[in-house]
Amino acid sequence: MSSSKKESRNNAKNFIKNFSENLYPNSNRVYLNNSDKSIKVPVRSVELNRTEIIDNNNKIKYEENSPVMIYDTSGPYGDPKSLIDMKSGLNKLRNKWIIDRKDVELISKNLNLENKNNNFKKNIDHYISKKNRCITQLYYAKSGIITKEMEFVSIRENMNYEYSESEAKNNKKITPEFVRKEVASGRAIIPSNINHPESEPMVIGRNFFVKINANIGNSSISSSIEEEVQKLIWSVKWGADTVMDLSTGRNIHETREWILRNSPVPIGTVPIYQALEKANGIVENLNWKIFKKTLLEQAEQGVDYFTIHAGLLLRYIPMTSNRLTGIVSRGGSIIAKWCLFHHKENFIYENFEEICKICSCYDISLSLGDGLRPGSIKDANDEAQFAELYTLGKLTKVAWNYNVQVMIEGPGHVPINMIKENMTKQLKYCHEAPFYTLGPLTTDIAPGYDHFTSGIGAALIGWYGCAMLCYVTPKEHLGLPNKEDVKQGLIAYKIAAHAADIAKGHHISQIRDDAISKARFEFRWEDQFNLSIDPNTARSFHDETLPKSSGKNFHFCSMCGPKFCSMKISQEVRDFAKNKKIIDGMNKMSEIFKKNNNKMSLKK
């Protein structure tokens, strides 16, 4: 092991031992309850300072500012009172809910026992649905049953904010019944494998907050288990709603076990990667038997959603021959090579119903992968891309017949003027199943800055109705992202998702914006920092030029200085206008102006 790799691994080990870094000063962990207090939903509450008001008598008064609630994905890592032992894993939040429904049983022969080298202190029970019982959130929703997961989600999406009577009537308040209807219709999913009880329920659908996925995972030449667990914790602290483990290197199974047992968010995988490892890296040796065993192992382990490239058909492959960048999806290229070598139809497509049966036994959601997504803006919206999308729509109906939850994956590289067509066709072809896109990147000229190029596309497609955005880091096209890259990618995508929520008119999305704008106008610097998406960076930028604590009391920053601050001048104008005599005089002059037919009368 090289010295740099050893150093990275040791840094990750130290991070895991001391992961209590405070990313959000002046924030408290708050739990919101349902009516019988059987559910505790975590949110982050940002405490704000009072507003200083000078009345007409030149006396100082104070006005309280309510705390701002912020959606929190950090799970126990965001609660300073939590005692976490990585080798034991997180508490099983959903275990009682799952068992109380009385439709699961312990797995008699656990395939995961073949992988004993996981170093966990506790034996993990693994479940499967009882014979002739369906346990998916989609089945419950279609049956009119509101699950604890649905109730949890409704509280999480509302965060106890008050709604006006008209907003409540217009379905802006997200009730458990609203969640149930969205899941039942297929417009939303709640990824929740019964063998991942550590996860906190979340919903993916266009009528909810836009969600963010972070990709982590090792490669054959980089990273360790410790570094991937570090990235997991870092991801959820910075706001990842789900995490995909895309490991392609050594110890795939053990890496995933550590990630699952310590993850408060749903975990997705691309099973073909591990299946290829089982085939010794030789694509031609892949077959349905290997792939099925891989699915079962991951199902029993607790993976919440599978990305499978079932829509890439043999007859679509020639459509890519004139592309500038060919097939850029790793899973897609594997399937394409297998199909061409054997001159057979995609074995995932051929066995799709069997896959649905497996998923329904564990409540695993399917993320139908876009193996023919464009890898450059020149290839965007071509025949191959939309042929696959049309097939994914057909497969969606098949999965729904087995009560399996489905979302659809999308591009990729798409110029701004072609983005909306992707959303329009996805809704039409795929029956309004949630859309989950990688960006899209809107230009190909910025390696090292593709979190910007893709953030532009992500904000737009989120506005148009995309339910979840897969982040892109600065390392896209260049290398495996490290901890700092993960942070930068997540920040870019949290901004894009938030901008999309505002554009969609999500009722509570703008509360944070209004609070920070009010703090900015009132020169409450600490509140500005604490409400921002990255408080420590905002504070450090301010302190580069005004480092003293007294600088937090100034009514200006170093951009404009004390004499040219527009907000300071605006405040002075507002205070000046509060004088009743001035207002009366201005109103009087306004009436004179109107009587003179809107003409000025100048007296010498």
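Here the Cβ of each residue, glycine as well, is placed from N, Cα and C on the backbone.
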For the substrate site that Swiss-Prot assigns to Asn215, Met244, Tyr273, His309, Ser329, Arg330, Gly331, Asp370, Gly371, Leu372, Arg373, Tyr436, which of the candidates Glu182, Glu350, Glu409 is also assigned?
Glu409
Pick from Gly331, Gly371: which of these binding-site residues has the biggest number of other Cβ atoms within 10 Å of its Cβ?
Gly371
Could you state the CA-to-CA distance between His477 (Zn(2+) binding site) and Tyr436 (substrate binding site) to the nearest Å?
20
Within the chain of Ser329 (substrate binding site), which residues six or more apart in sequence place their C-beta under 8 angstroms from its C-beta?
His309, Gly369, Asp370, Gly371, Leu372, Arg373
Cβ-Cβ under 8 Å from His413 (Zn(2+) binding site), same chain, 6 or more residues apart: which ones?
Arg373, Pro374, Gly375, Ser376, Ile377, Asp379, Ala380, Gly439, Pro440, Leu441, Asp444
Only counting partners 6 or more residues apart, tell me which same-chain residues put their Cβ under 8 Å from the Cβ of Tyr273 (substrate binding site).
Leu246, Ser247, Thr248, Ile252, Arg330, Gly331
Count of other CB atoms lying within 10 Å of the CB belonging to His477 (Zn(2+) binding site):
13
For Arg373 (substrate binding site), what is the tally of other C-beta atoms lying within 10 angstroms of its C-beta?
26
